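S.K.: Sending over a structure as structure tokens; questions will come in a sec.
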Amino acid sequence: MHCDVLWHNAQLMTLDAADGGLGIVDDGIVACRHGHIVYAGAAAQAPALQPDSAHDCRRRWISPGLIDCHTHLVYAGNRANEFEQRLRGASYADIAAAGGGIVATVRATRAADDAALLAASLPRLDAMLGEGVTTLEIKSGYGLTLDDEVKQLRVARQLAALRKVEVVPTFLGAHAVPPGGQAQHYIDQVCTQMIPAIATQGLAEAVDVFCEHLAFSQAQAEKVFVAAQAHGLRIKIHAEQLSNQHGAELAARYGALSADHIEYLDQTGIAAMAAAGTVAVLLPGAFYFTRDTQLPPIAALRTAGVPLALATDCNPGTSPLTSPLLAMNMAATLFRMTVDECIAGFTREAARALGRSERLGQLRAGMDCDLAIWNIDAPADLVYRMGFNPLHARVWRGHLC
């Protein structure tokens, strides 16, 4: 069998195990043709391969490229002042009520043009790529007008054109009530003006809503979901981060790809997510940074068979984090997730949360050839160590980056 590139003498984490584990292969190879994997597995069981080029991995580990399935990467401004306020005792709600929080970033993002937004966002993207990320989601939500939301999504598209990475755009117009606005009137604008325009321009694949007592109600979220589905957009939700608004249960009824945060998720919401196949996206960076104490119900989610994904939640206010490796460590330490769960959370399950499990997140024939090659002794090293970047090489669509 002809292939363009062959990586051999490697240890693999295929994430393709029947038991849901890492799918470890001790003496493995990965063969790529036209940007897709044609074989990934044990060298001894491989077909005869005729590569145009071959790379000896010298027993390094290969995993699927990392996938960050929840980010707010495109924004302007800085909220270090709010960090200081929280250290002095202010709560998330206190800061938002005083005109800070999301709307502070809205003001800065509205004031920035495309070039300024791109310049601010590229270093954050490059930091993620430097830790093996090959796909990431980018949400809007810091514009809160049609023109400014489109601007954010346009910059997300520009980032994908400038780097070897897949960007999955999500419209998060229902992130906060605009300064001086009224929630119901704004939701009407989101549904009747923004969603149709963004869908027509092909700028987003999904919508997201911040369903919370200081943002939008369950009824308002449902209105967004109805409009989104009418325009062919998929559903995601920020749910149960600060209180139980039953947003995850609602989103699951609409076949949501994921419900994210979910610290206050109850058993009814868990059952709804399990029945719908909705992924739980856990965001330990936000939990850590806001010094939260309400743990997401990890054990109950496991028992129910809800897939567990992880993400950085890169954003300026509650998770200024661009390190998936540190997010894995946080998930293990704070949420007591296992090594296998942490690695799967940034690969196989993250792909599921983005509706891409048919081509991303695993090493097997037919998948896109997105790889991360690591200088580690064992998979646990990716989760165990902090401030350590063992990435040897990143491969996107079969090309070394």
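Keep in mind that glycine also has a Cβ here, set from the backbone N, Cα and C atoms.
What Swiss-Prot records for HIS70, HIS72, HIS238, ASP313 is Zn(2+) binding site, and it gives sequence analysis as the kind of evidence. Here Swiss-Prot flags HIS70, HIS72, HIS238, ASP313 as Fe(3+) binding site. Annotation source Swiss-Prot lists 4-imidazolone-5-propanoate binding site at ARG79, TYR142, HIS175, GLN241, THR318, citing sequence analysis. What Swiss-Prot lists as N-formimidoyl-L-glutamate binding site is TYR142, ASN315, GLY317.
What does the local environment look like for each feature on the list?
M.R.: Neighbour count (other Cβ atoms within 10 Å of the Cβ, all protein chains): 31 for HIS70 (Zn(2+) binding site).
Around ASP313 (Zn(2+) binding site), the same-chain residues at least 6 positions away in sequence with a Cβ under 8 Å from its Cβ are HIS70, THR71, HIS72, ASP260, LEU283, GLY285, ALA286, SER319, LEU321.
GLN241 (4-imidazolone-5-propanoate binding site): 27 other CB atoms within 10 A of its CB, across all protein chains.
In three-state terms derived from DSSP, TYR142 (4-imidazolone-5-propanoate binding site) belongs to neither a helical nor a strand segment and is classed as coil. With a 10 A radius on its CB, TYR142 (4-imidazolone-5-propanoate binding site) counts 30 other CB atoms from all the protein chains.
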S.K.: For the N-formimidoyl-L-glutamate site (TYR142, ASN315, GLY317), what does the 8 A shell look like? I mean other same-chain residues with CB within 8 A of the CB centroid.
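M.R.: Going along the sequence, the neighbours appear as HIS72, TYR75, ARG79, ILE102, THR105, GLY141, PRO316, THR318.
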S.K.: In angstrom units, rounded to an integer, how far apart are the Cα atoms of GLY317 (N-formimidoyl-L-glutamate binding site) and ARG79 (4-imidazolone-5-propanoate binding site)?
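M.R.: Given the Cα positions, GLY317 (N-formimidoyl-L-glutamate binding site) is 6 Å from ARG79 (4-imidazolone-5-propanoate binding site).
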S.K.: Taking Cα atoms as reference points, which of the binding-site residues ARG79, HIS175, HIS238, GLN241 is nearest to ASN315 (N-formimidoyl-L-glutamate binding site)?
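M.R.: Looking at Cα distances from ASN315 (N-formimidoyl-L-glutamate binding site), the smallest one goes to ARG79.
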S.K.: Among ARG79, TYR142, HIS175, GLN241, THR318, listed as contacts of 4-imidazolone-5-propanoate, what is the widest Cα spread in Å, to the nearest whole number?
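M.R.: This binding site's residues have a maximal Cα-Cα distance of 20 Å.
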S.K.: Taking just the CA atoms, what is the gap between HIS238 (Zn(2+) binding site) and HIS175 (4-imidazolone-5-propanoate binding site) in Å?
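M.R.: Approximately 9 Å lies between the Cα of HIS238 (Zn(2+) binding site) and that of HIS175 (4-imidazolone-5-propanoate binding site).
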